[in-house]
Amino acid sequence: MDSFVFRFFCVALLFWPCQSCFQCFVDVQDFLRLCWGHVLIQSSAKNIDECFRKVDRIFNNNEKMIEAARVGEGFDKKLKEILLAEIMPMVQEFDQKLNSEKVYEQRFQTAADNFIAAASKLPRASGCFPPCGYQSAGAVYNCMICSYDSCEFPLDCPVEEIEVTENSRSRLWCDVPFDLPADIEVIWSFAEEVKTQQLEEFKEVTAGVDRLYSIPSTSFQHQGTYQCEIYSGRFSIVRLYFYIKVTPQAVVGHTELQEIFDLSLLPGGQLGPAPEGSPDSFLPRLSFLLTACLTCSLLLLFLSLGAFFWLSVPEKEIPISNEEEVL
């Protein structure tokens, strides 16, 4: 090969951005051997630059080829095997031989189509699960950059607000929708009273492999933000946040009684239907008792008023005739 041509293409390829699996997996030397004998039909002259443009059009700017190569982690090696199985026989066949540009066009297109068909059958990535966490298993191979894309989510998840009643049990699950490595470590931390994601405000509570944090009897000292951070080795995978707001038990009891009283004042003393299986299913019976008590109270009141009125009327004297006196 002419030394000037070789140097020209070596320099050109260094500044040629990786935009297809061709550049990711085919060596520069093999590429030059492949295009060495490219001959234009019109001028019957060898033109390697035109071969370069064919590769760019058929492989680099082929969206179907790029999409077919978006495989799951670890399958980039299989992509390379598939492409080289198509390209290397042509390299061996075309090396130091002149071939018409029409032959190159047909063979390149066939190689691209075969790659798309085979690569499309490889396992896809499981996908990225928003909104947070480093998810390496969800990454897909990208021929535009010759490496895997990350899901590009932040480590910190949004704060989840949880309202609990005083003296009740609280259970926090450090759970994520994506797969985790086998060697994880879980660290629970607590920021008292405040709702925050500022790391400096948290103090470590416990560390281990348990993703469940349980508070048997929640009190006001437990109100605040809990952080669950999952590690694998020395690297953090995700940070989850739970803000616990504690409601006094007396307030809860007062609220429930107020709701019962409001319901009892509905027209006809009827209560709204309680959901099936709800603990409020006793409310219709309670309404009936309240209505009965109210009715009895009103009846007793009316009887009392009637008796009072009767006793308050003065007795009238009846005059006695003379005849009745004689008798």
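The backbone N, Cα and C atoms fix where each Cβ goes, and this holds for glycine too.
According to TrEMBL, the feature domain 'Ig-like' maps to 154-230.
The feature signal peptide is assigned by TrEMBL to 1-20.
Taken from TrEMBL, the feature transmembrane segment applies to 288-311.
Regional average pLDDT for the domain 'Ig-like' (154-230) in the model is 95. Secondary structure by DSSP for the domain 'Ig-like' (154-230): 6 helix, 40 strand, 31 coil.
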